[in-house]
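Per Swiss-Prot, these features apply:
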BINDING   Arg96, Lys108, Arg252  ADP binding site
REGION    252-257  region 'Important for transport activity'
REPEAT    21-114  repeat 'Solcar 1'
REPEAT    125-217  repeat 'Solcar 2'
REPEAT    225-311  repeat 'Solcar 3'
MOTIF     252-257  motif 'Nucleotide carrier signature motif'
TRANSMEM  23-50  transmembrane segment
TRANSMEM  91-115  transmembrane segment
TRANSMEM  123-143  transmembrane segment
TRANSMEM  193-214  transmembrane segment
TRANSMEM  228-248  transmembrane segment
TRANSMEM  288-308  transmembrane segment
Amino acid sequence: MSSNAQVKTPLPPAPAPKKESNFLIDFLMGGVSAAVAKTAASPIERVKLLIQNQDEMLKQGTLDRKYAGILDCFKRTATQEGVISFWRGNTANVIRYFPTQALNFAFKDKIKAMFGFKKEEGYAKWFAGNLASGGAAGALSLLFVYSLDYARTRLAADSKSSKKGGARQFNGLIDVYKKTLKSDGVAGLYRGFLPSVVGIVVYRGLYFGMYDSLKPLLLTGSLEGSFLASFLLGWVVTTGASTCSYPLDTVRRRMMMTSGQAVKYDGAFDCLRKIVAAEGVGSLFKGCGANILRGVAGAGVISMYDQLQMILFGKKFK
């Protein structure tokens, strides 16, 4: 071998892609996915909120008469406000996704370390940890994004009523914040916060409780590993959990509707008691049918969008 020959130093391996950049791509694409799903389901979401809050709207004089059902609400809203009004409040709903996901990413490891038990350590311990972690994560996220959910609710339930000459109460997202802060302060933006957190815990408890109970009974034999069977079970469990926890959603939204009003509820229990006394238990479930339809529409859109992502990018973004 010649002394003049140079020994080539092997090149260092190319640096692995940064996790931060991977997170950013997933974060942005997940945002697009959420925006598509929420925007597609916005009409049924607004109908759900109008039906759910109609008794509060009647008391406030922002609705002239009750809705006879989902179709009647669709028809009257389209006639009185135009088709584009079905997307009223959707901007706040879409914006909500980004801080929620960022917070979940930032704190999920810490919360998991605090409450993340394995099923092998005991089902009761795992189940309690799951509820605690869900409640902690939900409360933390809600603390930052609850005002957007409040604004979305107020915009969606702000109808053009003949009682007030067709005038709306709010002229957009910023106007909701300005008027609420002026009349009620910061507390007005967080009315209904406590039942929202309780609702998250109740929903998660029902979801995991039903799923773990039904899965070993139904997903057996030829159905084990079946995507369709798993999807249907997930939909049934989600629908059941959301229906059972729906009264808490009604209570929190009815509390939201009182910000800016002279008469308010003295907390979640007072709200629940007065609704049942004046309107009956059935009033707590108004809009529940539309809520179930929204779940079907959202799942369908997400499934189609996931397939599109697989074709274009070879992966799904969440």
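Cβ coordinates are placed from backbone N, Cα and C, and glycine is handled just like the others.
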**Report entry** Neighbourhood of Lys108 (ADP binding site), C-beta criterion under 8 angstroms, separation at least six
**Finding:** Ala137
Report task. Mind telling me which of the binding-site residues Arg96, Arg252 has the densest Cβ neighbourhood, counting other Cβ atoms within 10 Å? Result -> Arg252
**Report entry** DSSP helix/strand/coil residue counts for the repeat 'Solcar 3' (225-311)
**Finding:** 70 helix, 0 strand, 17 coil
Query - ADP binding residues Arg96, Lys108, Arg252: largest Cα-Cα distance, in Å and rounded to whole number - result: 26
Query raised in the report: In this predicted model, what is the average pLDDT of the repeat 'Solcar 2' (125-217)?
Result: 87
Report summary line: The answer for the transmembrane segment (123-143), taking Cβ pairs under 8 Å and residues 6+ beyond its ends, is 99-100, 103-104, 107-108, 111-112, 114-117, 149, 193, 196-197, 200-201, 204-205, 208-209, 212
**Report entry** Collapsed DSSP category at Arg96 (ADP binding site)
**Finding:** coil
